[in-house]
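What TrEMBL annotates here:
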- 88-302: domain 'Radical SAM core' (DOMAIN)
- 102, 106, 109: [4Fe-4S] cluster binding site (BINDING)
- 314: N6-(pyridoxal phosphate)lysine (MOD_RES)
Ligand code: SF4
């Protein structure tokens, strides 16, 4: 199957999932009614048994409805949004949403409030408004093109967006954030790579969370992406029951570097409503990262970061960045020198 057929044949309802996996319908239907589900046939085949790391990332679970104290948008992306779908928080960078569809709706997604939903969807008009804002804002040097997954757009649409961004003299870096090398590697076609390889300002950041995501198909996709000349990086999310053991994380970092993908960040799970069951303790995160140091080349050890609530931005977790802590929270200094409270 090509990538479009894979998307068309995705499991999106509790009934379909019950037919394929024999899972209980009611619980999944309740959760998928709030947070959409999409499991494409490629990923479905990789899931081996209930609760395994790939299953946990894809199959809705009742825990998603039980963590109401957490917030839908703790990072306040909407607050720093001058036009719909664009966040301008740091002086020289914007986050630009060009799609709210993904090849898999990850249960841990920090944009659960948006992905796969029709309400508040990205449209041609919102993309146009974002491009116009970037063109008119000379401070923007770095554009993070994200979603949803930007690479679920048609090649011609991706080409048009990149052409427009590339032509803006003050834009020096364009970063595509995509999970398709892991979740739908057949999307990385020769045709798409021919488009991407035209743009010298382009960087590509992908998202792998477990060594089992490195199939021959995924490795082929990374090989093709490497040939475009865009530097490849990876953002991983620390997830309970998926990659919160040092040996699993070390295996993932080895796979990434073997495939010429630079591990960039390990994100501590944000305090996003619907994802609390994936969050580990900070101590677990520090132990995982300490387990990488010395055992792997420095190139294979990413920064372990928290994203501060209220728009404080990302902070690498080092003992000196933590000013105080109690049972419920950390007090952390942000990049702007202000003090933020991070919920545990
Ligand atoms: S691919 Fe990315 S944006 Fe889409 S659901 Fe997964 S984590 Fe969220």
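The backbone N, Cα and C atoms fix where each Cβ goes, glycine too.
Automatic, uncurated: that is what TrEMBL annotation is.
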Quiz item: Just checking: which of the recorded positions 102, 109, 314 have a C-beta under 6 Å from ligand 1?
Solution: 102, 109
Quiz item: Including all protein chains displayed, how many Cβ atoms other than that of residue 314 (N6-(pyridoxal phosphate)lysine) lie within 10 Å of its Cβ?
Solution: 16
Practice problem: Check the domain 'Radical SAM core' (88-302) for me and report the mean pLDDT. | Solution: 95
Practice problem: Sorry to bug you, but what's the C-alpha spacing from residue 314 (N6-(pyridoxal phosphate)lysine) to residue 106 ([4Fe-4S] cluster binding site), rounded to the closest Å? | Solution: 21
Self-check item: Rounded Cα separation (Å) that holds between residue 109 ([4Fe-4S] cluster binding site) and the residue listed as 'N6-(pyridoxal phosphate)lysine'
Solution: 17
Practice problem: Identify all same-chain residues not among 102, 106, 109 whose C-beta atom falls within 8 angstroms of the centroid of the [4Fe-4S] cluster site's C-beta atoms; report them in sequence order. | Solution: 104, 105, 107, 108, 111, 112, 115, 179
Quiz item: Can you tell me how far the Cα of the residue listed as 'N6-(pyridoxal phosphate)lysine' sits from the Cα of residue 102 ([4Fe-4S] cluster binding site), in Å?
Solution: 24
